[in-house]
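Per Swiss-Prot, the feature N6-acetyllysine maps to Lys8. The Zn(2+) binding site feature in Swiss-Prot is assigned to Cys16, Cys18, Cys37, Cys40.
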Amino acid sequence: MKKDIHPKYEEITASCSCGNVIKIRSTVGHDLNLDVCSKCHPFFTGKQRDVATGGRVDRFNKRFNIPGSK
């Protein structure tokens with residue numbers, strides 16, 4: 001194998017917005033900031049959170065106050 005052709009593979013810290021800190025090994029070279037991780041993602045926690053508060057049709061009906069809409 002050739003020497004000195006592989007990228008540096010070092011330990012970095014991945015910090016989640018929920019406060020969870022994960023140490024991983026990567027070639028990125030700098031620490032990462034994550035939006036979600038396995039500690040706070042709804043799939044892993046079993047908690048469902050309502051991200052979308054309504055579809056486009058609901059917003060249209062609400063904006064123009066169409067009778068028969070929600």
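Cβ coordinates come from backbone N, Cα and C, glycine included.
Across the fold, the C-alpha of Cys16 (Zn(2+) binding site) and the C-alpha of Lys8 (N6-acetyllysine) stand 24 Å from each other. With a cut-off of 8 Å between CB atoms and residues at least 6 apart in sequence, the same chain places Cys16, Ser17, Cys18, Asn20 near Cys40 (Zn(2+) binding site), listed in sequence order.
Lys8 (N6-acetyllysine) is 25 Å away from Cys37 (Zn(2+) binding site) when you measure Cα to Cα. Least packed by the Cβ count within 10 Å, out of the binding-site residues Cys16, Cys18, is Cys18.
When other Cβ atoms within 10 Å of the Cβ of Cys37 (Zn(2+) binding site) are tallied across all protein chains shown, the result is 17. Shown in sequence order, Thr27, Gly29 are the residues of the chain, 6+ apart in sequence, with a C-beta less than 8 angstroms from the C-beta of the residue listed as 'N6-acetyllysine'.
Summary of the Zn(2+) site environment: with the site residues Cys16, Cys18, Cys37, Cys40 set aside, the chain residues having Cβ atoms within 8 Å of the Cβ mean position are Ser17, Gly19, Asn20, Leu34, Val36, Ser38, Lys39, His41. Mapped onto three states, the DSSP output places Cys16 (Zn(2+) binding site) in strand.
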